[in-house]
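Q: Dropping a structure here in structure tokens format, bear with me for questions.
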Amino acid sequence: MVLCFPLLLLVLVLWGQVCPLHAIPKHLTKAHWFEIQHIRPSPLQCNRAMSGINNYTQHCKPQNTFLHDSFQNVAAVCDLLSITCKNGWHNCHQSLKPVNMTDCRLTSGKYPQCRYSAAAQYKLFIVACDPPQKSDPPYKLVPVHLDSIL
């Protein structure tokens, strides 16, 4: 019995590496998944917008921020000076101007009945950018992660 616990722990750790909680859906590129999660040109109702994201992940995402701008404008931030990301990588870029955004926070419910509150904001943002994958728009770099809101 004592041997079983370490073995179970090892299996769980390895499973987490294979199937991370925030895995990108297989048929999407990192940039497309970023667009689905974080780009909405106009203000939105959080319950409706988050249901689209939660349907991919099959759980209630605790928090999410939607930038009210175009993918093209957010991708243009990737052309600005690189800065250090929260994870220590150097592929982040900060917007020069604040944008309107909506912060959605889980207030109650279990998937698929997730309920969110909404907070309108006007702030700067930092995105992580990578070279595009084959089916991404043909920019030099594309946003793949919303690293921070300032």
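A Cβ is built for glycine as well, from the same backbone N, Cα and C atoms used for every other residue.
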Q: Among Cys46, Cys60, Cys78, which cysteine is annotated in Swiss-Prot as forming a disulphide with Cys114?
A: Cys60
Q: Among Cys78, Cys92, find the residue that Swiss-Prot gives as the disulfide bond partner of Cys85.
A: Cys92
Q: So if I draw a 10 Å sphere around the Cβ of Lys61 (site 'Critical for catalytic activity'), how many other Cβ atoms end up inside it?
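A: Within a 10 Å radius of the Cβ of Lys61 (site 'Critical for catalytic activity') lie 19 other Cβ atoms.
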Q: Which of the recorded positions Cys85, Asn100, Cys104, Cys129, His145 has its Cα nearest to the Cα of Pro62 (substrate binding site)?
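A: Among Cys85, Asn100, Cys104, Cys129, His145, Cys104.
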Q: Just how spread out is the substrate site if you go by the largest Cα to Cα distance in Å among Lys61, Pro62, Gln63, Asn64, Thr65, Lys86, Arg105?
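A: Binding-site diameter by Cα atoms for substrate: 21 Å.
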